[in-house]
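Starting off with a structure, shown below.
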Amino acid sequence: MIALAEHEGGQRNSGLFYLQRFGSDVKHLFYSLGIFENTPRKFKSYFGRYESKYDFSLPECKSARAKYQFGSVEQNILGTKVSLLQTAAKGNVGNVKAALERGQVVDTKDENGWTPLLFAARDGYEGVLRLLLHFDAAPDLAGKTGWTPFVGSGRHRSRIGSPKGHLKIVQVLLNRGAAIDLADEDGWTPLMNASRIRYITVVHLLLEHKADTAVVDRQAKTVLQVAEAEGNHDVVKMFKAYAMQSKDTVAMASLRDAVLEGDIKTVSNVFANGADIKQRDEDGNTPLLLAANEGHLEIAIVRVLLDAGVAVDLADQDQWTPLYYAPRGGYVDAVRFLLKHGAGVNAQDEAGHAPLGAAVIRGELAVVRVLLNSGAAVDLGDRDQWTPLRLFMLVTNARVDAKDKDGWSPMLSAAFYGQCDVAKLLLDHGANIDPISHLNQETPLAFAAERGGEEMVAILIDRKAKIDSQNKWGETPLRLAVDENHYRVVTLLLERGASVALADNLSLHAVDARSHPWK
């Protein structure tokens with residue numbers, strides 16, 4: 001129910017106009033043409049080339065009646081003969097929907113081959129465009145001049161006043177799979193149209209979607225020449241920047257292929273022609289990372305890349321450096337070469353993994369030796385506290401008490417070098433806490449005390465090491481700490497019960513060795 005409209009003179013009629021007196025088709029017509037409450041009593045409505053007059057009157061509210069003359073509009077809408085082309089050209093979403101729902105062909109054409117979608121795209125009617133596409137309008141159906149909705153979407157700037165409207169149209173068409181480089185009969189692509197009219201945002205969007213910048217029209221003009229001819233300097237600047245970027249992309253592609261094929265000459269030529277040594281591919285790889293990742297770390301390739309100035313420690317998106325990848329192929333020479341050029345031997349990725357751990361896991365013992373000789377830390381834990389040594393024992397099922405030719409076991413080495421975490425790990429895996437060295441018959445506790453390793457001494461005592469063990473000269477850990485002036489270690493040993501009464505082979509006691517403040 002809608003209220004009665006006012007008289008032309010401004011006096012309100014007291015009656016009510018019941019729209020339901022009309023059939024549903026008529027009501028739909030009223031709504032679609034904008035006839036709601038407070039509609040003027042007499043007005044004209046224009047629909048395409050049709051003119052309609054409406055005259056509603058309820059004199060004295062005694063009988064409800066409405067005088068209306070719809071003419072051809074009524075016949076066309078209610079008889080399903082309304083022109084979908086014309087209503088699409090006017091941008092009326094409601095009328096377009098009504099026509100489509102009554103069976104109008106969504107891709108119908110006029111005498112010039114224009115479809116409703118072409119009209120909507122040309123004039124920037126996003127709502128109509130989306131509705132037509134929803135009804136499966138073909139996004140690339142062209143008119144007689146070769147115009148597609150995509151081509152037409154950037155042709156007439158004056159129709160919408162702002163490139164913003166056409167940007168949305170272009171985005172919608174791209175999302176529906178419209179052909180980005182389809183040209184009209186003059187060879188003009190959407191990119192050419194946008195460049196001519198200086199639709200900066202549309203040009204940028206098309207370039208992002210890899211629109212062809214090398215295409216030429218029927219007069220052999222490129223998009224850059226079109227923009228220059230129109231004096232669109234912003235567009236020209238954008239194209240030149242894009243060309244440089246594309247050049248780098250092509251160079252990177254050539255470099256990638258050359259690296260993977262071991263083509264040293266091409267690698268050298270690419271850099272000689274000015275390729276950016278810091279450039280990365282779409283996966284974030286530098287040429288050196290690419291060579292390492294793909295198992296192409298032949299020394300010749302590495303040398304060419306490093307000589308060209310490629311950074312030896314540039315990491316990928318996972319923070320993996322070339323040295324981390326090197327153990328995969330057992331490239332011992334490449335590992336040495338990378339280390340010689342300053343590669344970080346203990347560089348860690350986001351999870352704390354280091355090159356030594358990677359070499360251990362892959363069983364590349366030759367690489368392990370090179371890394372250890374270059375200072376790789378065996379006790380450098382990752383995020384889960386896995387050290388290379390722990391990984392090695394897990395992977396090889398190593399005997400934790402195995403000794404080398406000099407009688408040194410892993411436990412003796414850990415105590416000598418003060419590697420507390422390694423010592424704990426070895427003990428956790430059942431290592432003997434009191435192995436004796438062949439040379440001087442010293443225990444890990446003796447090594448730790450002599451070198452002033454207070455933390456190591458505490459760990460060994462806590463794990464029940466023999467506190468008064470004696471070496472080949474009869475010296476105890478306490479005596480060795482006294483000799484080396486390690487006051488804190490001496491104090492710790494005394495607190496834990498070390499004997500001061502034990503004499504060495506010369507009958508000297510710890511307190512006799514020197515004059516100390518604790519004497």
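Keep in mind that glycine also has a Cβ here, set from the backbone N, Cα and C atoms.
Pulled these features from TrEMBL for this protein:
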- 112-144: repeat 'ANK' (REPEAT)
- 186-218: repeat 'ANK' (REPEAT)
- 283-317: repeat 'ANK' (REPEAT)
- 318-350: repeat 'ANK' (REPEAT)
- 351-383: repeat 'ANK' (REPEAT)
- 406-438: repeat 'ANK' (REPEAT)
- 440-472: repeat 'ANK' (REPEAT)
- 473-505: repeat 'ANK' (REPEAT)
Pairs of Cβ atoms less than 8 Å apart decide it: which stretch in 112-144, 186-218, 406-438, 440-472, 473-505 has the most with the repeat 'ANK' (351-383)?
406-438
By a Cβ-Cβ criterion of under 8 Å, what residues six or more beyond either terminus of the repeat 'ANK' (318-350) are in contact with it?
288-289, 291-293, 295, 297-299, 302-303, 306, 312, 356, 358-359, 362, 364, 366-367, 370-371, 374-377, 380, 382
Helix, strand, coil: count each for the residues of the repeat 'ANK' (440-472), based on DSSP.
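The repeat 'ANK' (440-472) comes out at 16 helix, 0 strand, 17 coil.
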